[in-house]
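Accompanying notes for the structure given below.
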Amino acid sequence: MAAFSLAASGGHWFSALALGVTLLKCLLIPTYHSTDFEVHRNWLAITHSLPVSQWYYEATSEWTLDYPPFFAWFEYVLSHIAQYFDQEMLNIHNLNYCSSRTLLFQRFSVILTDVLFIYAVHECCKCIDGKKTSKELTEKPKFILSVLLLWNFGLLIVDHIHFQYNGFLSGLMLLSIARLFQKRHMEGAFLFAVLLHFKHIYLYVAPAYGIYLLRSYCFTASKPDGTVRWDSFSFVRVISLGLIVFLVSALSLGPFIALNQLPQVFSRLFPFKRGLCHAYWAPNFWALYNALDKALSVIGLELKLLDPNQIPRASMTSGLVQQFQHTVLPSVSPLATLICTLIAILPSVFCLWFKPQGPRGFLRCLVLCALSSFMFGWHVHEKAILLAILPMSLLSVEKAGDATIFLILSTTGHYSLFPLLFTAPELPIKILLMLLFTVYSVSSLKKLFRKENPLFNWMETVYLLGLGPLGVFCEFIFPLTSWKLKYPFIPLLLTSVYCAVGITYAWTRLYVSVLTGCLVSKTKKQ
Amino acid sequence: MENWYWMTLVVLIGLTVRWTVSLNPYSGAGKPPMFGDYEAQRHWQEITFNLPVKEWYFNSSDNNLQYWGLDYPPLTAYHSLLCAYVAEFINPDWVALHTSRGYESHAHKLFMRTTVLVADLFIYIPAVLLYCYSLKEISPKRKIAVALCILLYPGLILIDYGHFQYNSVSLGFALWGVVGVSYDWDLLGSLAFCLALNYKQMELYHSLPFFCFLLGKCFKKGLKGKGFVLLIKIACTVMASFLLCWLPFFMEREQALQVLRRLFPVDRGLFEDKVANIWCSVNVFLKIKEILPRHIQLAISFCLTFLSLLPACIKLTLQPSSKGFRFTMVSCALSFFLFSFQVHEKSILLVSLPVCLVLNEIPFMSTWFLLVSTFSMLPLLLKDELLLPSVVTVVAFLVACVTFFPLCESTSEAQLQLTSFAVSVRRRLPGFTFLPRIIQCLGISCDTDLHILIRRKHRWKVCHADNCAHEENGFQMVIFFPHSDDASISQRTALGQEGTALHFKLDYSSTKIPV
């Protein structure tokens, strides 16, 4: 009856949406979980049974602690609750331990920490313009946004099936974005600093935060044409911002500096020994690059331009090996990817600096940073696409052009997560959830922007519809063919290349729209 | 339809919930030698696939009827045969005679669960959607809400996808029947209902309303003209569909009789386990099973069932209407459930289906009943280790209903469609003005079950069944009246009194009502 009074009074639709998705998460408890489940169990064990000085040295399990200190402390706190569920999961030597109580505890820890995400979504909804208020509740941007975020397909399968804690981390990011929208800059900066020390992958979007805060918060005024007024620089603000970031970092890294372990911590956090691409190529620029290389080498062999003896074996047999060696195109070093990433990020950051357009401009820059890093980063995981999809949802409900980009990005990005779940019982779940999210996002955004031009041109429609046959081929037809044993990597290759095209397209379109927006407003002012 | 995409989403949500529940254990998982309903269904596939039709229902060295012998009508057997062909194509071990007994594997579970989903997807879900589209005088939004609530009804999901059965097939056919007769496609409706009846004999619970409704329609058209033609047509349809289903068994008289004996096992006793019906409740005070001989039990239960469903059926025959039909279905199914012989706790699903259909008319009562009905199956679900999905789906259903129907506000007499009932009671009892409040509190009394569960662990099953029975009983009393006028009201009141008495006792003992 508690739900009775809760839902009947006031907040109704939002709480119903949140409660509904929480219940769905509970239903996903018995599904398959990946090795990440063991990773987090191992971290619980490490933080619970070892002193802080040992955390980043412990290597009994191959899944060593490779998240920043705050996450380790988070696991430490969780482990104190975990001991009431099952003491055995906190034993470091209990590798691959998974009792039903352990499962329940770990799953519920994800579901409960998602409360922060729900709160963040609630805050984000307040930042959305209510200009287009339609009478229908389901056509309000707020409603659509909260469904897009709360019921996000990627978060559901990555967190609640595959097993990770992206929910509350994304919640922190969204909350800090919401705070910046609400002009509570200090809070936003604090939240982001904390977030960085939870998971360092958010460094991808740090440039956007840095530039935005510096430009729009530390400089209190702009000239009429939008350029910076150097005399409006506020030292108090810079110092207070710096202090916040410094204090948070000190709290996080301080103990390890005191123990003289900083190099060890960093070596764990940034393992450059891994390959350019993950086992399954994330659908980014390098996937296209690898595919091109492979195609060229095949063509070269056919035309007898290449000597078969000089071609490394591994690259020809599968895409599943960690170290991918290029045959025709030059091999890529970590430094090269770093430079590419920086070059890709720079224009958006420049745009943010020279043409600040308030928090919305910042959000665009943030999405571009996330996407550019995803496109060119070293050893990118396919899951990192969520970093761009979630903030992009905020933009999608405000402008038709952004809605198109969002739909292409989210549909292809989510589809590229399919290989994460490869077990048969989860096949219907991923298809159903994907359909649920895609059908909803496409039709609700179409309805929201029905007065403007159609969201997709024919090319985009064909591309998106092409995901259907691709899915059918990879999931149903291919396993029945005789190629399954000979070329097991083909579905992965097809998926990542096909999705890479879509994501590259979405990235380009977003970049074009940001840069033209930047230039147009400049010429207008002149 | 402008809102097609909402319907798509509703179906997708329904399917997702169904499939996630199906990841949980099934009945009798890893419990030799008898296993559970899952093994029963697999065994039927084995029997129907390997034995000739003539031997399906007979005890033989290849077909031990003591071990999950086939005791459903022919259509179930045909369905099993169909599934068996697919199973044999995938892995012959699954349906090998004798050696496959108690076969369990992840792949097989996946296969069995898929068969349920496919049957559901092709029979039950389209019927629900069509039914919701056919609802008149409500907004498209509301139709979608009703569809979602019906598809999220936890009882059916948990029994079909958790415990493992194919109720969605028989209920789906029955629903096709309802849709058919409501659209005035009488022949299609009767055909669908005959299929339901031939899939599961329990569908007899719904047979009287169908019969009365169709008969009433014929009367209305005039028995000498069009009505007679319609009657003949319907009769032919029914005969033909039965004949078709039973064709292999009509070759020999003994065959047909044996099937009937398998379908109606009278010697099993008044009730089994803990069923939330009258007999089980009375059993707490009075051990009927031991006091009375078997044939008297049978006679009493028959008389009571007949009496309790008579008024509603007569009314429906005289004044056939689509709405009245649905309410009569609830009332009849509930009469069967409460009073008839050899009722299973799962039979409550047969009552729940028509209750789902009146969700739009009386949201509060229906929601409440549907929750109680799911709760009444809790002992079964606990045995199958389905506690977590049960709790989650029940809460999800409650959230859906509360979101879409303003439950708490709509408990006045008029909104519960109880005005005529209240007026007639007030003629005798002038102080009878507190009905709405009682009904509100009844919702709370669902909770008392939980308290009983905590306080008296050793006896909770009995109490549980008992309490559920009271609530269902009260529900039946209430359900009698929504479409009533004064024609047979005194008769009904007399019938309802037992329920009322129980009802009030329960309320005053379990909750404090400010009078």
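The backbone N, Cα and C atoms fix where each Cβ goes, glycine too.
Annotation source TrEMBL lists signal peptide at A:1-18.
Annotated transmembrane segment per TrEMBL: A:103-121 (among others), in sequence order.
Look at TrEMBL and you will find A:142-158 (among others) tagged as transmembrane segment. Sequence-distant neighbours of the transmembrane segment (A:142-158) (same chain, 6+ residues past either end, Cβ-Cβ under 8 Å): 13-14, 17-18, 21, 24-25, 28, 117-118, 121-122, 124-125, 128, 130, 164, 166-167, 170, 174, 383, 385-386, 389-390, 393-394, 396-397, 410, 413-414, 417, 420-421, 429-430, 433-434, 436-438, 440-441, 444-445, 448.
According to TrEMBL, the feature transmembrane segment maps to A:188-214 (among others). Same-chain residues lying 6 or more positions outside the transmembrane segment (A:188-214) and placing a CB less than 8 Å from one of its CB atoms are 67-71, 74, 169, 172-173, 175-180, 238, 241, 244-245, 248-249, 252-253, 269-270, 345, 348-349, 352-353, 356, 361-362, 365-366, 368-370, 373-374, 377, 384, 387.
Look at TrEMBL and you will find A:234-259 (among others) tagged as transmembrane segment. Residues 52-53, 56, 68-70, 185-186, 189-190, 193-194, 197, 213-214, 217-220, 265 of the same chain lie 6+ residues outside the transmembrane segment (A:234-259) yet bring a C-beta within less than 8 angstroms of a C-beta in it.
Among the features that TrEMBL reports, transmembrane segment is placed at A:335-355 (among others). Away from its own ends, the transmembrane segment (A:335-355) comes close to residues 207-208, 211-212, 215, 226-228, 276, 285-286, 361-362, 364-365, 368-369, 372-373, 375-378, 511, 514-515, 518, 521-522 of its chain (Cβ-Cβ under 8 Å, at least six residues beyond either end).
Per TrEMBL, transmembrane segment is recorded for A:361-378 (among others). Long-range contacts of the transmembrane segment (A:361-378) within the same chain: residues 177, 180, 204-209, 211-212, 216, 272, 276, 282, 284-286, 334, 337-338, 340-341, 344-345, 348-349, 351-352, 355, 384-385, 387-388, 391-392, 394-395, 409, 503-504, 506-507, 510-511, 514, each at least 6 residues beyond the stretch ends and with a Cβ under 8 Å from a Cβ of the stretch.
Residues annotated as transmembrane segment in TrEMBL: A:429-449 (among others).
Residues or ranges marked as transmembrane segment in TrEMBL: A:461-481 (among others).
Feature annotation from TrEMBL assigns transmembrane segment to A:487-507 (among others). Same-chain residues lying 6 or more positions outside the transmembrane segment (A:487-507) and placing a CB less than 8 Å from one of its CB atoms are 280-285, 287-288, 291, 318-320, 368, 371-372, 374-375, 382, 385, 405, 408-409, 411-413, 415-416, 418-419, 463-464, 466-467, 470, 473-475, 478.
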Long-range environment of the transmembrane segment (A:103-121) - Cβ separation under 8 angstroms, sequence gap at least 6: 18, 22, 25-26, 28-29, 33, 37, 40-41, 78, 81-82, 85-86, 89, 145-146, 149-150, 155, 159-160, 163-165, 167-168, 170-175, 178
